[in-house]
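I have placed the structure first, in the form of structure tokens, so that the comments after it can refer back to it.
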């Protein structure tokens, strides 16, 4: 707080926030050093450093094969040339599960260093925030609140700096592309997003929002008085320019593998549909509720002797295995079914963005809905993918009370759903303390920002969020001492997944209703 007070007087409060979270990241270096993602990225360092490019997407000595797009592979290649000065042994493909203190330090510091891009992107996003709700105190200013919500985001802290991944700089690219669209620098925004897609293909989830918004707001240069498209304003030059940007980035990324006739192999690694509907721990989405319902119906069916135990599939949906399985009562789900559900879920938001555009803010709401819809209905969704909706929703939260309410429900529930990532005792107090601090700040700061409007939560939402406390006590402090721990070890994960799925589904539905109502109101005003 002393540093923040000094920064306030000099106008450098943002630097103080960034420095503070960087110091926290350094303090987290020794935590949870046995995450599987350490070995995943160490193996990718070894593959790209010691093998020719023609073998990158064929190498399978380790089970953690390279399954990210080529730009991320080149990123690992560049990192490997720094890594060799820390510990050359980490770059040996055959050194499976290799670990050393120098390897750990290199991997941790590489994530912290790459977060510089995320810090810069947050600063650019803060410049795009409407300053109408400006409080007298620094801590009541929307830009300050947004900076804390992004820089100190609990989810990013535990996923990148305890569990270990490189999400920070990837989200930095996404936020920077969003900022550029807000600043009407459309070509830069398109370029940054195209680059991002070739770093991590999960961002395809939000590609429809980018494509429709750029076509509607950049390629069409004018609207009619009622807000509808003026078709004669279509610019072939602009659409060709956008297409050229996407083509050149894609050619740079995929060109070498096209020349090697390896594109089918690359795509088979990027889209492994042989994996199951759900990850080892069910992401808290629609399919978690679907699986849970199937489990309940199967238990009831067995009790009432409607089902034959010999005909029930042996593969357990809660065994922790990443595999394909058959549902017992409900119809089994295929990748095609999840794709159709996802497309149906995002169509209304895309429709609103095209026919009832509301500027960059409308784009941001559509982007968040695309991310949430893909999370809700996608195939083999990881629980960490919820951050793809939480971070852009942070920008919306400081603009309207309704969006702030949705953000708080989504972020509190989504962040709690990440708890199973850190399942060892030493990390338990860390994750509880960090989440409590972030959640208390988020709620209190946004309540202060919108104190002149109606309460952010109704009684039902308050009751639901408070329920996370007893759930945590039950899963972490009660269940381990019961006899069920041996016979039903999956119950804490099942309870966490299903309970959080209810909250995330509610936030998704509430945001959708808000977008559709706002679009209808906007159309009425124009008429």
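Here the Cβ of each residue, glycine as well, is placed from N, Cα and C on the backbone.
These come from TrEMBL:
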type: TRANSMEM; residues: 12-32; note: transmembrane segment
type: TRANSMEM; residues: 105-122; note: transmembrane segment
type: TRANSMEM; residues: 143-159; note: transmembrane segment
type: TRANSMEM; residues: 189-215; note: transmembrane segment
type: TRANSMEM; residues: 235-260; note: transmembrane segment
type: TRANSMEM; residues: 336-356; note: transmembrane segment
type: TRANSMEM; residues: 362-379; note: transmembrane segment
type: TRANSMEM; residues: 430-450; note: transmembrane segment
type: TRANSMEM; residues: 462-484; note: transmembrane segment
type: TRANSMEM; residues: 490-509; note: transmembrane segment
Counting only residues 6 or more past its boundaries, what in the same chain has a CB within less than 8 Å of a CB in the transmembrane segment (336-356)?
208-209, 212-213, 216, 227-228, 277, 286-287, 362-363, 365-366, 369-370, 373-374, 376-379, 512, 515-516, 519, 522-523
At an 8 Å Cβ cut-off, counting only pairs 6 or more apart in sequence, do the transmembrane segment (490-509) and the transmembrane segment (362-379) clear the bar of 3 or more pairs?
yes
Is the transmembrane segment (189-215) in contact with the transmembrane segment (362-379), using at least 3 Cβ pairs under 8 Å (sequence separation of 6 or more) as the test?
yes
Quick check for me: are there 3+ Cβ pairs below 8 Å between the transmembrane segment (189-215) and the transmembrane segment (235-260), leaving out pairs under 6 residues apart?
yes
Long-range CB partners for the transmembrane segment (12-32) (under 8 A, at least six residues beyond its ends), listed in sequence order, are 3-4, 6, 104-105, 108-109, 111-112, 115, 119, 123, 126, 138, 144, 147-148, 151-152, 157, 161-164, 422, 424, 426-427, 430
Pairs 6 or more apart in sequence, C-beta under 8 angstroms, 3 or more of them: is that satisfied by the transmembrane segment (143-159) and the transmembrane segment (235-260)?
no
Sequence-remote contacts (6 or more beyond its ends) of the transmembrane segment (430-450), Cβ cut-off under 8 Å?
28, 31, 133, 135, 139-140, 142, 145, 148-149, 152-154, 157-158, 162, 397-398, 401, 404, 407-408, 411-412, 415-416, 419, 422, 456, 472
Residues from the same chain, set at least six apart from the ends of the transmembrane segment (105-122), whose C-beta lies under 8 A from its own:
18, 22, 25-26, 29, 38, 41-42, 79, 82-83, 86-87, 90, 146-147, 150-151, 160-161, 164-166, 168-169, 171-176, 179
